[in-house]
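Database features, via TrEMBL:
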TRANSMEM  B:9-29  transmembrane segment
DOMAIN    B:66-246  domain 'ABC transmembrane type-1'
TRANSMEM  B:73-92  transmembrane segment
TRANSMEM  B:104-124  transmembrane segment
TRANSMEM  B:130-151  transmembrane segment
TRANSMEM  B:172-189  transmembrane segment
TRANSMEM  B:195-216  transmembrane segment
TRANSMEM  B:228-246  transmembrane segment
């Protein structure tokens, strides 16, 4: 492992138990179309999308603003239901949000009147109705320790920095132990340095869980998508957005943030993604 | 900090000086038909010698009258709030609730408290009950409207939390709806207690017996304008204290800016 600076490790940690269960399907999106009825008629955000995501995979959805990438992810979370087609998550058709799918929202969505501890506790309490309060308490503490926020557990979200808030949101999503983790532009509001360490934190948590959790994330950051994902799904511009191309990221793990930039594979994929996102601009501009 | 509060105290004293100056002026112009601040002060001191005497019905100290009024105001206000907060929540959380209840609120809100008084008498066969009734029914509207506004303006982000983590209705209500709406509810309660305090004086002029409103009316019958002026000042001061108290409560329960 390589260290950059004194304290911030920009490197993904190693994991001896590395096993991607490459044959199990985690999410299956079948012919999904999402339309919204508005005052000016029907608006179709995404059209006829098909996508299979394997268990333990990290998949990034990338595209320009308003291309429907969040909408696509929300069909997995169940916050948006498809107008046509269906989404199968963990073998069950998605009919709404469920505890098998944890969501980290774009703007953290912490409840500002609850302490860090309480924000996580209420989610845990809601999902694990059968656990005793001691068990729930331990679960919350454990997850707070995982994101290094145990000493801030009695603070209100308003007293935290953006990166800390995001760690609370991630701890909350992990605490309900979902098999699928959905991240909606999770690091968009963070500065580059915080963002870098958050990437490592996320992969660390993923490794701790033996890479059993499927992660689907929406982003518009190419470097972030390459560093974290196994596959990057590039979307066309909406309305009626479709998948333009799925790019495999064949970079070995653990990945090193500093070294990765010089890897020929990284440079190739980076260029490819840039071109996929850029040609749209050059035609229209 | 100290300098700042010293300045605000100076402004307050200045403001009081203007009030007393104007009052003195009116007193001079009316040839003391409106009593001067000094003669009012003399009467005030007399009233304060024994503020809690009780010589049977219609003859009680100003303190008894005041506390009886405050008691009624809080009873009426509490009853009104018990109706107003759930009603506002119902209006704020569902479109149907809003569509069905809002016209009722709009029609009943502008009705004068005095118009309700006979209905109260009919219902309670007692002027005390009727006074509490008119306070409840006229003071509840700001709480209804502000609660409804607070509940209806819960940001989608907060609602998503409840949805994503499968909050029960009870948890959604106690951990999201009420905490978010609480500052708005307190704004409503503050406006409501203000109205309740205005209404009590009118109500007690009709109901008689005891209360600060009755005291004003009784002083008019006894032709003691000084007593009326004392009562007006006390009514104003208590109103100010109630407002400040609710303002403090509002700040206490507000999570914003924490």
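Every residue, even glycine, has its Cβ placed from backbone N, Cα and C.
The recorded stretches the transmembrane segment (B:172-189) and the transmembrane segment (B:104-124) do not share 3+ CB pairs below 8 A when only pairs 6 or more apart in sequence are counted, and are therefore not in contact. Each of B:9-29, B:130-151, B:228-246 was scored by its Cβ pairs under 8 Å to the transmembrane segment (B:73-92), and the highest score goes to B:130-151. Counting residues 6+ beyond its ends, the transmembrane segment (B:130-151) has Cβ neighbours under 8 Å at 72-73, 75-77, 79-81, 83-85, 87-89, 91-93, 98, 105, 108-109, 111-114, 116-117, 119-121, 123-124, 177, 180-185, 187-189, 191-193, 195-196, 199-200, 203-204, 206-207, 211 in the same chain. Here the transmembrane segment (B:228-246) has long-range neighbours at 34-35, 40, 43-44, 47, 62, 66, 70, 186, 189-190, 193-194, 197-198, 201, 212, 215-216, 219-220, meaning same-chain residues at least 6 beyond its ends whose C-beta is under 8 angstroms from one of its own.
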